[in-house]
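**Q** This is the structure I want to talk about, given as structure tokens.
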Amino acid sequence: MGGIFSKGYLPELPNGSLIKLGIIGLENSGKTTLLNKFIDASSKKSIASVLISTGVYIESIIFKGWEIFAGDLLYPNYISKIYKPYLLGSDVIIFMIDSSDIHQMTEAKNQIDLLIQEQCINSSVFLVMANKQDQKRCVSIHQLEQYLELYRLTNPWKCLPLSLIQEKGIEDLIKWILENTVVRKTYNNQLQTLQ
């Protein structure tokens, strides 16, 4: 565990490549922990705390061709007023959920509804990470997909199990991001060529 973690899970992207990645979600869902797993130990001091609005900070870093930000969705208006420019500029949006906290599900659904309503995720791939799948009371992936109504999305999406404590699911999420980001960028480039 320590050897892999110290190097960081994110692979280095080819020269000239850049993937913009946003990690959002409710409090205590694992956003900062995931960010710290992604990067190597020596890069943690390079994480910047950026003030984006009065009293609202995001964590930001560029690492091996990945431009990452992570932030809490504390209030519904954060999406439309504060995070929208960051979300619209992202290739990938990871929405973190504590799958062991049933009370968080309703608020998570409200936030995802708002993301769809505000058209914040139309041009990105969208990944819901059901963290804390190691807990006995966790919600299953199928239950989560149905409750959040993820089938409404027209862009590439996936709901994956994750246990950051056990470091299970991180490699699967990175693999899915890489596969779907390449497909999405190719599709967007083809659309631009036709216009």
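Think of each number as a place in line: the chain as shown, counted from 1.
Backbone N, Cα and C define each Cβ position, glycine as well.
According to Swiss-Prot, the protein has these features:
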type    : residues              : note
BINDING : 25-32, 72-76, 131-134 : GTP binding site
LIPID   : Gly2                  : N-myristoyl glycine
**Q** What residues, ordered by sequence, lie under 8 A Cβ-to-Cβ from Gly25 (GTP binding site) and sit at least six positions away in the same chain?
**A** Lys31, Asp72, Leu73, Ile94, Phe95, Met96, Ile97, Ala108
**Q** So what sits near Gln133 (GTP binding site) in its own chain, CB-to-CB under 8 Å and at least six residues off in sequence?
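**A** Residues satisfying the criterion: Ser99, Pro161, Leu162, Ser163, Lys168, Gly169.
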**Q** Among Asn28, Leu73, Pro76, the binding-site residues in question, whose Cβ has the most other Cβ atoms within 10 Å in this structure?
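**A** Compared across Asn28, Leu73, Pro76, the most Cβ atoms within 10 Å surround Leu73.
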**Q** Within 10 Å of the Cβ of Lys31 (GTP binding site), how many other Cβ atoms are there?
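**A** Total other Cβ atoms inside 10 Å, all chains included: 26.
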